[in-house]
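Per Swiss-Prot, the features are as follows:
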{"type": "BINDING", "residues": "Gly331, Pro332, Asn333, Thr334, Gly335, Gly336, Lys337, Thr338", "note": "ATP binding site"}
{"type": "DOMAIN", "residues": "711-786", "note": "domain 'Smr'"}
Amino acid sequence: MNQKTLKALEYDKIVEILKNMAKSTPAKEYFENLIPSTNVADIENELNKVDESYRYVLKYGNLPTLEFENILPSLKKSKLGATLNPHEILQIGKVLKLSYEMRTYLSFTQDFSFLESMKKRLVNLKEVISRIDQTFLTPDEILDTASSKLKEIRDKIRKLENKIRDELNSMIRDPKIQRFLQEPIITIRGEKLLLPVKAEFRNEVKGIVHDQSATGATLFVEPFVCVEISNQIKILKNQEKEEIERILQEISSLIASYCEVIETSFYALVELDIVFTKAIWAKEMNASKPIINASGIINLKKARHPLIQKDKVVPIDIHLGKDFDVLIITGPNTGGKTVTLKTVGLFCLLCQSGIFIPADEGSELCIFQKIFADIGDDQSIVQSLSTFSAHMKNIIEITKNADDKTLVLLDEIGAGTDPEEGAALAKAILKYLSEKGSKVIATTHYGELKIFAQQEDRFENASCEFDVKTLKPTYRLLIGIPGRSNALVISSNLGLDKGIVEMARGYLSQKTIDLDRIINEMEQKRKEAEENLELAQKLKHEAQALKAAYEEEKKRFETERERIRKKAINEAKEIVESSQYEIENLFKDLRKLAENLKEKEVLKELEEKKREYERLIQSISQQVKQEAESKTKKTIQNLRLGQKVYVRSFDAEGFVESLPDSKGNLTVQIGIMKINVNLSDIEEVEGQDSKIYQIASRNVIIKEKNIDMSIDVRGKTSDDAILEVDKYLDDAYTAGLKQVTIIHGKGTGVLRQAIRNFLRRHPHVKSFRDGTYGEGEQGVTVVELKD
């Protein structure tokens, strides 16, 4: 990629941000040297890695801090048999510990193929970690636990040092010696314990003079009684040094034996640091993975330049390459034209570097082989060239190298010279680039280019909207609408004499007046289209609310009807059973009476009556059973459109609107309502002839239930909040809302996490995300509901 283009599009500023976010030295070096790729497969692969990492971070939180140095030179030394120094060993130990921590962090990678493969490359060398931990406290301090021999040597050194200290303490407490000392203390020079002796009493304290004060008044003497002990300590110190060297060599050899797996783990950690750095940046910027293509298509939705403050950036929608290849943007200065150029160019560079873009899901970018940008006039200052010459030098280079796989971004094309010649030159350059198949976005002040864009095939106009009432740009990009200078309107609003304004209007050419009128008409049509779209969306929401309300009411009605039917059947059964019980008791009493009277004929007659009653009860019971079963078994054969039917669940008659599908579902119109029912829920209306009725179609619109678009649960416990959110989601779903917002605040994140865990299991929730700029960011969760 052209280095001038990278700088002009501020690509270097983004990778510098990522470099500072990365924790490991190798990852920082990666971002420092990162340049966009042109290989579609490599770019797609890198974006997929970042996508996995992004989703994992959202689900399981941020990863451990991967702060480590490049250990490859140290590993190479160990393989050659060299002894590593403590710092090198500790850095290798740090990598091994981070490998273990990352393996733990990546415990839930079953559905994340890339992260699962990375986890398998991370080693768990507890033996090496343990050996390093028991050896070093810091790079400069080796622990006694490093080896038993080292502990033994150091114990002897400490014992001898204590012996010297005891001897010296004994001397400074001796009144005979105290008068020879400058102070009754033990001083340290180098590693020696010494006494501060007055110079005039040099011969009174026998020993070796190791140092003296700046004035010469004090001599620092090691008494002879301590010299022999000091010599023993010196020997032990040498032994200590040799033992430490042996320990370092031992650990170096241990590392060398695992060199290959440590190297594999190191590379995995570096790659994880890189992709998670990109993922965390994407999370902070609310960025998304772009859809990539090689066919020259750009389609950005709500694109936000990452270097503009979140509360000030205005999202833009821009597309190129499908209906047109050259987009000419006109409009006032500081209206957002240059920002639009930079946004498109920067997003292409970020995408081709495997970095998400701050735009909505579904945004699409082409992988260009070349990207050129002529923005600003820095070269004119450095090289003492005019603005026009500096721009032209860049454009000459662009026209020489551009082809059908090139994106060209031109800011104020043709500026800095005579307007007529500049406009003519701009037309020729744009036409030339278009014929070469390049994709071009250019900004200009020249009105002639607006007409040129309307006349040329594969060209399109665009403008940055300007509010003439507030005299401020809105920064919205309007594709298909040429820009207006608004000079006369602005001047009039600012208070310029009306006579002057009208005089100026008279100097305008008829061509300019006609163009301004056409642009004004186009703007009016655009506003009307936006209003119609808004109305259509409102009607759509109302229709969805109607459908949801109807489905809910139908469900409630069917449930209640089934409950009543079952209750009636149960009551009928109870009556039959009760009657049977009472009759049985009655016959028992009559039988006893007949037996007492010894009337056989009466007894025989009673038995016959009993059997008649039993047959009657059985008949009634069978009728109840058949009545219940008939509601679910009776269906219609040879159903026809317009046929009159009875719908059991609604206890109403209607007409067939559509024939049953493969599952037996059909539409029936009852009055003004059209309902979806199953074939098992309808029956033929008896006594009807074969006449097919014509069904009048009517539209029904009801008002949406009064449900707020958001719910605030800040300050509530997780349990209380979830209960409220559950009820709210049911109401919102019933009302047909497509998107709602849950306000939980940032705080410690506990309430946010509890709500999100609940949302993952909720039957009405399609997806959810953090709020964007202006929505509340991480203090809210935006929920998309299912249809």
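Every residue gets a Cβ built from N, Cα and C, even glycine.
Other Cβ atoms within 10 Å of the Cβ of Gly336 (ATP binding site), summed over all protein chains shown, number 24.
Highest local Cβ density among the binding-site residues Lys337, Thr338 belongs to Lys337, counted as other Cβ atoms within 10 Å over all protein chains shown.
Across the domain 'Smr' (711-786), the prediction's mean pLDDT works out to 86. Neighbour count (other Cβ atoms within 10 Å of the Cβ, all protein chains): 27 for Gly331 (ATP binding site). Each residue in the domain 'Smr' (711-786) gets a DSSP state, and the totals come to 32 helix, 19 strand, 25 coil.
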